[in-house]
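Listed in TrEMBL for this protein:
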{"type": "TRANSMEM", "residues": "25-49", "note": "transmembrane segment"}
{"type": "TRANSMEM", "residues": "55-74", "note": "transmembrane segment"}
{"type": "TRANSMEM", "residues": "86-107", "note": "transmembrane segment"}
{"type": "TRANSMEM", "residues": "113-130", "note": "transmembrane segment"}
{"type": "TRANSMEM", "residues": "135-154", "note": "transmembrane segment"}
{"type": "TRANSMEM", "residues": "174-194", "note": "transmembrane segment"}
{"type": "TRANSMEM", "residues": "201-220", "note": "transmembrane segment"}
{"type": "DOMAIN", "residues": "210-356", "note": "domain 'O-antigen ligase-related'"}
{"type": "TRANSMEM", "residues": "226-246", "note": "transmembrane segment"}
{"type": "TRANSMEM", "residues": "258-279", "note": "transmembrane segment"}
{"type": "TRANSMEM", "residues": "340-363", "note": "transmembrane segment"}
{"type": "TRANSMEM", "residues": "375-392", "note": "transmembrane segment"}
{"type": "TRANSMEM", "residues": "398-416", "note": "transmembrane segment"}
Amino acid sequence: MLSTRPVSDASPDASRATSFGFESLGSLLAFGALLALLLLAPFSLSGFWATTYDFWPQAIFLLLGAGAALLLAISPDARFGFDATATLLLVFLVWNLVSALTGVYHHDAWLELARIFGAFIVFFAVRALWKPSRALWIVGAWILGMTWICIPALSDFAQTHYPRQAGPFFNTNLFANALAMTLPMALIFPVLLARATKNQVVLTLGALPFLICAFGLIVTSSKGGFLAAIVALFVTITLIFCAKAASIRIFARRNRAVLMVASLIFLLLFGALAAKTIVPRLQSARGSDDNSTMFRAYIWRSTLDMARAKPIFGFGPGAFPHVYPRFARVSYTRSAHQSWLQIAAESGFPALILVLGAVGAALKSGAARLKTRDWPYIAGATGAVCALLVHGCVDSGFQTTSIVILFAVALAILTAREKLEETSSETPPETRKSRLNPWWLGATLLLALGGNQTQKAASGEDVRFRAVEFARNGAPTISSQKMKEAVAIDPTSARLWLTLGRLQAQGGDNGRAALQTAAQLQPSNATNWTNLARLSERAGDAPAAIEKFYARALENDPLNTSILLEHAQFRLASKNRAGYDDLQKIIALRAQPYGLYAPVEQIVDLDFARATLLIAPEFKRKKQSAQLQSLLKIGLADCARARSFVTQNEQMRRETGGEFGQSENDDLETVSAALQVLQTSLK
């Protein structure tokens, strides 16, 4: 047996905490891999691939996970373990598999399914490796993994006073989500350390992660993260009192002065930071017209409509970014800003019921152990789960791999049984079956398949980025050749085929075949149909054929002002006065939620101003000068705002896939000047 020897004067608890009891090299190595994952996941697995298309961290995670699963498969002491929570999670994964098979775009569905599967395998790994002697290390790795990434964020805030720190996460809200989940675990960490050591220096240092993570949460200025943390800590503290009320009262009486001074210092620091970060955002949220709140409210309604459209299996895992526009009430977003509705929309309401059922089963299992010596773990893990449940109501943390991994660990802690160690110690290793564990072998195969597919996506995207750079540098032939290499690597990616078609068209070649392939692979993406319409226009195809492409595009994204504007220009160029109907739709959207609540207030949609210029002759013909004057004022105001945020507009354009399209601000001064001339002519 691989184990460490406790020192002779150690307490029983300390002895128990230092005897790791590994019965095979495989389980020892797998445990090391688990700790490394918890330490590194917040740094390396906190991106949002639906926007960044950075698949390499995910691919490496899955492939290394396959290796760890194989180590567990050859370890006789690493059991897969089934209970209500485990069964519900497995059924949830199977349901997502069926959803992927019936989804509208298989490529991204497989990537998302692999991501979810990889994260939830951590749940089974923690349970297989769980022993009280190892629990402190698992919790410690989680806490340290989140603590060390807070330090650069706090340092940056101290230097720049920028109140929206995101750390390595895709945005501040996701960073806040992970921190809100970590705070309950950090709160109970000193209790766990006290069981393992009496060293006062170590015990004092054990309180630092809570303080660092708390201040890290404050500098995110996330309203949802703040709410989730309050609920999580309230639940955790309540459970601690339920488990150890008498002991807490005695401790508080003996250390009253120290606790009061520490609390006062913490509150003063908290107040100083909060006054510059979260407080201004909370004050702005009190109004009914708060942009962030209203934008989310309309997204949630649209996501619910999306879920109702296919309530059983949804549109497929990962489908939200390209299916949501069909149901949108406001502008484009790549996530629902609501984890639970997005699960229902992508995988169906049964999938949502299954994952919430797994949470309920885990909480019930944990509650049954609250009065045991496991109470710190139960209190912390329950708080962490509650943090995700609350934050999931206002943002899409479930779509971030590192957050799902922490969620899986919390569920595993709630359902882990101490009797596993007792069984392990009482049963001689030589009497156990040495055959390979079929469940872990199956997990190994699935992780390897998922990692291989994700690696193909990563390699294809790498080549795509290089091809785009060649195109920007004036080498269209080389860029097209590179894109052909990309689609050969990952032939089911509509993104790659779309880029190939665009580059071929820009280089003077016929990109129709590539664009048609993109539309066939991903018929739910309006961009694919819009590009076919553009190509058909340049080729001089019949107007009826072009109209069909625009119709498919607007069917998938009826509120897209850019597509409506292009459609109007095409119609007007074809002497079809129906183009004015498209322009009227754009003008009308200005006063609707789409125009009132932008995803980011600083990002200005100039399509309203462009539509005003195109529709001006129609207003003049109808002698509607007053209405036109009003539209001109709005258009000029939009131009003035856009002029102040040129950099942000360009960045947003690139982040939403506009590498080849016209920059949102390229014609800003031209549009502004034309509006001014038109306004002068009406005086």
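Glycine is no exception: its Cβ is also placed from the backbone N, Cα and C atoms.
TrEMBL annotations: computationally assigned, not manually curated.
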Outside the transmembrane segment (398-416), six or more residues from its ends: residues with CB under 8 Å to it:
37-38, 41-42, 44-48, 50, 58, 61, 83, 85-86, 89, 115-116, 118-124, 126-127, 130, 135, 138-139, 142, 169-170, 174, 177-178, 181-182, 185, 335, 339-340, 342-343, 358-359, 361-363, 365-366, 377-378, 380-382, 384-385, 388, 392
Hey, would you say the transmembrane segment (113-130) packs against the transmembrane segment (226-246), going by three or more CB pairs under 8 A that are 6+ residues apart?
no
Residues of the parent chain within Cβ reach of the transmembrane segment (375-392), under 8 Å, 6 or more residues beyond its termini:
135, 139, 173, 176-177, 180-185, 187-189, 191-192, 224-225, 227-229, 231-233, 235-236, 239-240, 243-244, 338-340, 359, 362-363, 366-367, 369, 398, 403, 406-407, 409-411, 413-414, 416
If you count Cβ pairs under 8 Å, which stretch among 25-49, 201-220, 226-246 touches the transmembrane segment (55-74) the most?
25-49
Annotated stretches the transmembrane segment (340-363) and the transmembrane segment (86-107) touching (3 or more Cβ pairs under 8 Å):
yes
Are there residues at least 6 beyond the ends of the transmembrane segment (201-220) whose Cβ is under 8 Å from a Cβ of it, and what are they?
143-144, 146-147, 150-151, 153-154, 157, 163-167, 172-173, 175-176, 179-180, 182-183, 186-187, 189-190, 193-194, 226, 229, 266, 269-270, 273-274, 277-278
Counting only residues 6+ away from its ends, which parts of the chain sit with a Cβ under 8 Å from the transmembrane segment (226-246)?
176-177, 179-181, 183-184, 187-188, 214, 217, 278, 282, 370-371, 375-376, 378-380, 382-384, 386-388, 390-391, 394
